[in-house]
Amino acid sequence: MNDAFEFDPDMALVVKASPEDQLDLTPEELEKEVPPRVLHPHDPHAPDNITQFSFKDRAYKPDNQVDHTAWHLAVDGVLMLSDSPEAQEEDDTRERKAREQEIRNSTEAVDVSVEHIEGDPDPAVNTLRNQFHFADRGSQTKNGIIRDRGISTEPPSTTTHNETVTQWSIYDHYMKDIEATKDKAEGTRKLTNEDMIGSKKPGGEADPLYGDPMRLVIKIMERMVNHNAEGDIYSDLKYWEDRSDDYREGDGTLLPLWRFASEKAKRKQVTCIRCNPRYSDLFAVGFGSYDFLKQGTGVICCYSIKNTRFPEYVFNTDSGVCCLDWHPSHPAMLAIGLYDGTVLVHDVRSKGRKPLYQSTIRTNKHTDPVWEVHWNTEDSAGVLNFFSISADGRVSIWRLMKDKLESEQLMQLKIAAPSPEAGKNDGQRPAPAPEDDTGLAGLAGGLCFDFHLTIDHLFLVGTEEGKIHKCSKDFSGQYLATYEGHTMAVYTVRWNNYHPRMFISASADWTVKLWDHTQESCLMSFDLGQAVGDVAWAPYSSTAFAAITSDGIVHFYDLSVNRNERICYQKVVRKAKLTHIMFNTTEPIIFVGDDRGGVNCLKLSPNLRKFCVVTEEDGDVTREELEVRKMNDFLEMAVGPQKEHAVGAEAGA
């Protein structure tokens, strides 16, 4: 057999033929390169203009993140690899269930065989009852025979009552029920702390838990805890000094120390602040409201720097507190003026919280808010008395008699037409009145007043019309002088603590003005840009004063340092209005009250508390005389020589 291919006639013959519709390409077309087809991971049917709302930017924004996955078929399988953690976990679960089933079967049926020993007596058989040994209740239990026993009682007495029901009869019955409830509540009143103080045991001995010695011990303990908790702040009060004042001449700062606030004065405005004349750490704060539509009760809190957490004394009033004043010789006596025109006198030493004296309609009380009170020196009979000024246009004097409060009208604040001769006399006689009385029309509402420190009969009055009147106790019918400079209500007027002629005023027209009572026009005016709520002279300097505005800023001026610009401008509170300011008489701190019911205590830096120091070169000159000389030097530099005015002041003194 050779290697040549031998044809087998039985082998199938395969003939390859091209279909009729096959495309015939030329050699040139076959050599031409065909671009490849690429599959892209983008869905041509997916939307590309999706817009969604962005809560962060508060706007509609396009969303470029589009899902291009196209699912044609998804079949969730139930098979898993034998070596996978899921299969191992399933095997463990199956074995655990099998073991639990075996344990359950072994506990339900137990087959125990006991071998009987010959010669032993048969044990007694005790058949126990179970659910299969059931006996009917009727064959075992003796049922009690049900018996009916009648109970005979006397029927309640009945009466026939007929009455016509009307609205007024229902109202009368309800009022009787309310009165009975009030009487019962007063009879079963709970004991307060004041009732517990001084209470005695059944044997007659005083209870030591509520006695005065225990109160003193608790007060000392509370102050010690407060000092330990706020030791750093007390150290700042005594020893901290702002060293940056050495590098900035004529500029100072205020250091916040404490904020006094009480839950009892919440949502009330600070309407007055007064420091005690004898105890410099004690000051009283009155709370009320300047809004006519938001009037309510008032609160008086007496705070101490020794305990900044809680007031030492608290007094509640029926109306909002507008003003108060401590007696200079009797530091426990506190005079108070209320929004409804009532004046009160409290003794903070008394255990009760009721006032010692209170004005009524019978005692000719004021008909409008009492905006300021001021204690007067005792009269020849030794009777305590004080003055009050009200928006009803009256200045009254109140005398504390043995068992009542007597009033006397000192003067009426009449609205007088401006006179060109007003304020040009010597200041000790009333200005001549016009021949006709047509200039007087009604009464002016008084807002503030202040008595001269050396001239006992002289005092100033600020009114709602923006005028300041110089008055005297000896001439109650007319004004000694009228100062016209403010265009809106005058909130505060204060005599200088050292200079006998100077006084200062603050008004709602955004200005603070410096006056000489011997001249009819103001010497200087300071525009603070907001309504000025209060102004106060510094007790250590004749040329330094501080004012507050409604935007929460304290403005501090020292005329001997800079007569045009303030040396301190600091915001004390946020989103609140400042209402009153007060200097402490011994410590370099100020108290600032706001309309949120808080009092802020701030310390003055060294540049804000400069005062005259007596040296050997001054000789026998006192510090008070040096302060007067410093003010005179400022006046000579600001408005010219003061010789003529000095002669008039000496004559008035």
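Note: Cβ is positioned from N, Cα and C throughout, glycine not excepted.
Per TrEMBL, compositional bias 'Acidic residues' is recorded for 21-31.
According to TrEMBL, the compositional bias 'Basic and acidic residues' annotation covers 32-46 (among others).
The annotation compositional bias 'Basic and acidic residues' is assigned in TrEMBL to 93-105 (among others).
Long-range neighbours of the region 'Disordered' (18-46) within the same chain, counting only residues 6 or more positions beyond its ends whose Cβ lies under 8 Å from a Cβ of the stretch, are 66-70. Taken from TrEMBL, the feature region 'Disordered' covers 18-46 (among others).
Marked as region 'Disordered' by TrEMBL: 84-107 (among others).
Among the features that TrEMBL reports, region 'Disordered' is placed at 136-162 (among others).
Here TrEMBL flags 417-437 (among others) as region 'Disordered'.
Same-chain neighbours of the repeat 'WD' (483-525): 418, 422-424, 427, 447-455, 460-470, 531-539, 542, 545, 547, 549, 559, 563, 624, 627-628, 631-632, 635, 638-639, 645, 648-649, 652-653, counting only residues six or more beyond its ends whose CB sits under 8 Å from a CB of the stretch. The repeat 'WD' feature in TrEMBL is assigned to 483-525.
Over the repeat 'WD' (483-525), the average per-residue pLDDT in this prediction is 91. Under DSSP, residues within the compositional bias 'Acidic residues' (21-31) fall into helix, strand and coil as 5 helix, 0 strand, 6 coil.
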